[in-house]
């Protein structure tokens with residue numbers, strides 16, 4: 001058999017295996033966290049973060065089902081080819097079909113990744129006390145990322161396959177094609193740096209917690225820990241994609257694109273679920289909700305609270321309770337979150353470790 005044909009067959013098989021492996025990772029994580037999702041998102045008051053969580057989780061699932069469908073035979077179109085002057089030309093029907101699939105794959109990937117990053121942007125804006133400057137800056141980066149990614153996507157095309165080979169593979173030959181991974185990485189870098197700057201005083205606390213083999217009760221430490229994991233995993237995945245694009249064969253240039261997208265979706269979902277797990281009880285049962293107490297001051301979140309009955313009636317300042325999983329908590333200022341966590345440490349109401 002011709003060495004070129006053998007190489008093309010192996011590359012196509014490797015691409016399909018990579019798609020299946022990424023799908024298995026995503027499906028496994030979805031299954032083991034569906035219970036947490038029901039208790040921490042579905043059964044809580046809905047907010048903008050909740051809606052973004054649903055879109056990030058289920059739009060990605062629907063998208064990947066369609067992408068996997070493009071890798072299997074569909075009728076006779078996948079195997080119909082024309083031969084002209086000894087060269088192989090894919091049939092018009094097959095070309096049209098693959099062009100639609102790769103266009104859908106590229107556009108949907110840009111959209112789903114952008115929605116996931118919008119969730120991260122809302123978190124950063126919240127810890128900066130709803131700073132309009134931070135919001136405007138990050139939205140400007142976010143918009144630029146989408147535009148650059150779509151421009152890079154225009155340079156991509158469906159890879160022509162040999163007779164008998166089945167699948168629709170997005171590839172590219174232009175230097176703008178890697179912008180699909182470089183542009184999101186720039187936005188993620190600024191999100192990470194802004195999070196580090198705002199929580200820099202908690203880095204020592206996080207290091208001490210890791211050295212002691214335990215997790216901290218502080219909500220800010222959870223944000224910092226998950227932010228570190230999110231950034232470095234996504235950075236490594238996007239770096240892998242860029243290296244593969246520049247050094248691999250044309251039919252392998254985008255082999256890791258699906259993995260990095262599903263990893264982004266998984267990390268965003270875990271970040272939301274981990275933060276909301278802080279309202280679970282210490283008994284380890286996720287159905288027990290621990291209320292956070294803080295003094296009844298004139299804080300922006302006071303309007304969402306309810307009066308607690310655990311303190312003597314003679315006390316002047318009635319404590320206010322607020323669940324971390326509450327939609328209002330998703331936008332709590334950093335100082336408020338720190339004060340809540342510190343008060344819980346003093347009163348013995350430790351939060352559930354994640």
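Each residue's number is its place along the chain shown, starting with 1.
Any Cβ shown, glycine's included, is placed from N, Cα and C.
Looking at 49-72, 73-96, 265-288, the range annotated in TrEMBL as transmembrane segment turns out to be 49-72. At the 8 Å Cβ cutoff, the transmembrane segment (179-197) and the transmembrane segment (49-72) share fewer than 3 close pairs (sequence separation 6 or more) and do not count as touching. Each residue in the domain 'DUF6533' (17-62) gets a DSSP state, and the totals come to 41 helix, 0 strand, 5 coil. Mean pLDDT for the domain 'DUF6533' (17-62) in this predicted model: 90. Long-range Cβ contacts of the transmembrane segment (101-122) within its own chain (Cβ-Cβ under 8 Å, at least 6 residues beyond either end) map to 48-49, 52-53, 55-56, 59-60, 63, 66-67, 70, 135, 138-139, 142, 145-146, 149-150, 153, 156-158, 168-170, 180, 184, 187-188, 191, 230, 257, 261, 264-265, 268, 271-272, 330-331.
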